[in-house]
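A.B. asks: So TrEMBL says this about it:
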TRANSMEM  12-33  transmembrane segment
TRANSMEM  45-64  transmembrane segment
DOMAIN    51-161  domain 'Ferric oxidoreductase'
TRANSMEM  85-105  transmembrane segment
TRANSMEM  117-133  transmembrane segment
TRANSMEM  153-170  transmembrane segment
TRANSMEM  176-195  transmembrane segment
Amino acid sequence: MASAANNRFPYAWAKVVTFILCLMPLGVIVWGLGVGDLGPDPGQAITEALGLATFQLLLITLLITPLRKVTGWAGWIRFRRMLGLYAFFYGVLHVLAFLQFILGWTDLWATFTKRPYIIAGAMAFVLMVPLALTSTKRMMKKLGRGWKPLHRLIYCSAVLAWVHFLWQARSDITEMVVYGVLLAGLLGLRAYWFGVSSLVPLKKV
Ligand code: HEM
């Protein structure tokens, strides 16, 4: 029954809609640039908006397994790769915007090791790279049983991204606390359903 419903689901259309929705944060930035509505420091606003989109997409990617578990619909999984790759895409744009608008392209090592919050962000980003590179079906096949433990690095990346988010806050940290509670909830649910070991990266369980 469930698999008949799965087969009838218009995945192709749903994926096109998801693809377009994921482009929305970029669309909002481009629109803001076009109408000159990005405030006194557009470069800073763009960097922040891209960082937030990266973090939000990471959280949405982490939401897929709970959605699957709660609704019992396995079809959610078919959207996970696109969401994860979009998170990476926004992460790349966020780093590029940071270099272009904030600290410049010279002496990159000094730039990335300059402040603790940037080190945390850079670590979160570096952990996203192997995940993006191994997200294809071919790499999944090639890595076999090693794929899942590798992809648990997403939990470390999300936690580091949150530390980075919290650390760069200037005064009001309400938004960061709300996102932190959401992230803790997602990780907590995982630990509750599948055990704490299901959060440990690079270890076959
Ligand atoms: C090399 C990696 C990274 C660098 C250099 C970097 C740099 C920055 C900078 C300069 C800001 C703005 C801080 C300010 O307002 O002064 C920022 C904000 C932010 N970054 Fe990153 N970041 C990096 C990676 C990441 C990653 C991987 C994520 C998410 C997964 C992320 C999420 C955020 C968020 C959510 C904000 C705050 C946006 C807001 O204020 O609304 N960053 N980052």
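Note that Cβ sites are derived from N, Cα and C of the backbone, with glycine treated the same way.
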A.B. asks: Note the mean pLDDT of the domain 'Ferric oxidoreductase' (51-161), expressed as a whole number.
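C.D. replies: PLDDT averaged over the stretch: 97.
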A.B. asks: Excluding the flanking five residues on each side, which residues at least 6 beyond the ends of the transmembrane segment (117-133) place their CB within less than 8 Å of a CB in that stretch?
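C.D. replies: For the transmembrane segment (117-133), the list is 51, 84-85, 87-88, 91, 95, 111, 139, 150-151, 153-154, 156-158, 160-161, 163-164, 167-168.
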A.B. asks: As a quick check of your reading of DSSP, tell me how many residues in the domain 'Ferric oxidoreductase' (51-161) are helical, how many are strand and how many are coil.
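C.D. replies: Reading the DSSP string over the domain 'Ferric oxidoreductase' (51-161) gives 98 helix, 0 strand, 13 coil.
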